[in-house]
Amino acid sequence: AIPNTPLLPSDRMRPPQLGGVAAALAVAFAILAAESDTTTVQPAVYGRSSMRNRSLEKKLIKTLLHRYNETGIVGRPVVKASDLMTIQFGLAIIQILDLDENRQFLRTNCWMRYAWQDPLLNWTWNGTEEAREWKSFENITQLRLNPEDVWTPDIRLFNFADTRLKEKRTARIVVYQDGSVLWVPQSLFKSTCEIEIKYFPFDTQTCSLEFGSRTYDLTKINLTWYPFEYEVYKYEPNPYVDFTNYIRSHEWITDGQEEFTVRPSQRERQLKSRMKCKKITTLDRNGTKHTRIYQTLVYKIRMRRNPAFYLSILVLPCILLSCLTWVIFWLPPESPAKMLLGMNIFVAFFVLMLLLAKTTPSAVRDFPYIGYFYGFNMVLITLSTFLAAIVLNFYVRAERQKPMNHILRRWAVEGLGRMFLVRQAVPLKSPAELSAASSAAEAAALRSASHQTLSGGLAVSAKSATDDAGDSPILSMPSGPGGMAQYGEVEREVREIRQFLKSYVGRLKEKDRRNMASMEWRTLAVVLDRLFFTAYLICFFAAVIVFIPRGHEPLEDYLNFMESDACYIPI
């Protein structure tokens, strides 16, 4: 069985340290030895016991490998075939190299940690006659062997997406006196990872690395978590990815880079890995079912994207362009710049959409909300340009429009106009007030014109009579047929003047009516402009609330997701 105290690299792989004087002497003797080409100084540097230990180490390695060659390395290193072999496996991440969203794979640089017990590599002398051959090696506590010379577990990455045949880098295994084996190879993994960019650029990705064996089932190998030393010589299983030597990424923020020193049972933010058990049922030639259980350690890495870069090139320009759309409604209705500005903003949003298409993966299940926000803004800008054309048409063609319907006038001009503070600034009169004012003005104009005409006619008659009478101061009324004819001519002229004045007043009345109707339609255009502006503001802020994500997915969502940390053999 595995000893209670696991073998950690930090505890048993520490090389012996020389003092300052000893190191200086060693360097000096090495230089002298190189110059004189002799080896007489070597015993003075290392001592006879050191040379003896070195020769014994080689002898021990040859003895152990000879025993291994006799038994072979094709099977498990167990005494009985029914023995269950326990392997402690851990994963320590060094760096996140790349996360390809389009092809959906994760590239990482990791250290794999294996620890198991190999009885064929045990040279402990316990004082018995059978172990007498190991008495001479009792001062040797560690050995370094090539992994090709001894048995190593065939634990592989299941969800690999690599075309390479080898993932591990060459690393020797460390063998201890009691048969404990430690193997820490470095590996470059390229694993599959399902990408979810619904909340891009505030998204959180969770990638898994699944390790296990497909040749040894639960009756042969028992996979357990590599231990974590939370105090001196005190350990507990560590079902988390180790971030102790992690090189932080500028693009991704992991939840384990802050808690790597916390005891595993007390971690709150890091996503816990889990053990998955897979049952495989087969039939033999006799039709008998055989069920095998295979273990898989699923290490999870949760990464949150750093949105600073995308905020500056995608989100901020989108918000500014959306606010610039408000200017379309603030421009005067008669300004042709409303149409130009709307089309320019539409082109700018189209360029942003192309930039978003280049920065986000295309092979995804859900389209990002920011893309929906872009599309919704383009729809709003198109509608605002279309509505600006309607308002401009109302304003320009107002002089040729008929008088407004009284219901439309009541609801649009009077109701909405007062609500949007437009009616208070336009001096419009009701139709009754306008008709009464026009009639009163017409009657006053007629009375004034008649009085002036009659006065002028009498003055002309008096002047003619005075001229005929010479210097007579008495104005006599004209008499006879000539006088009556003169009065008839004056009366005819007065009627012509009255008709002219009626026609003139009618034209003035029609002009005032058209001006008033034109003012009503232009007031309606301004009211519609403000109504569309209010509707655009409501739609814009609703889109911000719905489509713009407020942040990444909450970290607590996965904390309640617990699965069994062990597999059990069915009885």
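Glycine too: its Cβ is placed from the backbone N, Cα and C atoms.
Nobody curates TrEMBL annotations by hand; they come from automatic prediction.
From a predicted model like this one, the values you see are computed outputs, not experimental measurements.
Features reported for this protein in TrEMBL:
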type: DOMAIN; residues: 57-258; note: domain 'Neurotransmitter-gated ion-channel ligand-binding'
type: DOMAIN; residues: 314-545; note: domain 'Neurotransmitter-gated ion-channel transmembrane'
type: TRANSMEM; residues: 309-332; note: transmembrane segment
type: TRANSMEM; residues: 339-357; note: transmembrane segment
type: TRANSMEM; residues: 369-396; note: transmembrane segment
type: TRANSMEM; residues: 523-548; note: transmembrane segment
Long-range environment of the transmembrane segment (309-332) - Cβ separation under 8 angstroms, sequence gap at least 6: 200-201, 338, 341-342, 345, 348-349, 352, 355-356, 359, 370, 373-374, 377, 380-381, 384-385, 388, 529-530, 532-533, 536-537, 540, 548
Cβ-Cβ under 8 Å with the transmembrane segment (523-548): same-chain residues at least 6 beyond its ends: 315, 322, 325-326, 329-330, 333, 369-370, 372-373, 376-377, 380, 384, 387-388, 390-392, 394-395, 398, 404, 408, 412-413, 416-417, 420, 422-423, 426, 428
Confidence summary for the domain 'Neurotransmitter-gated ion-channel ligand-binding' (57-258), mean pLDDT rounded: 88
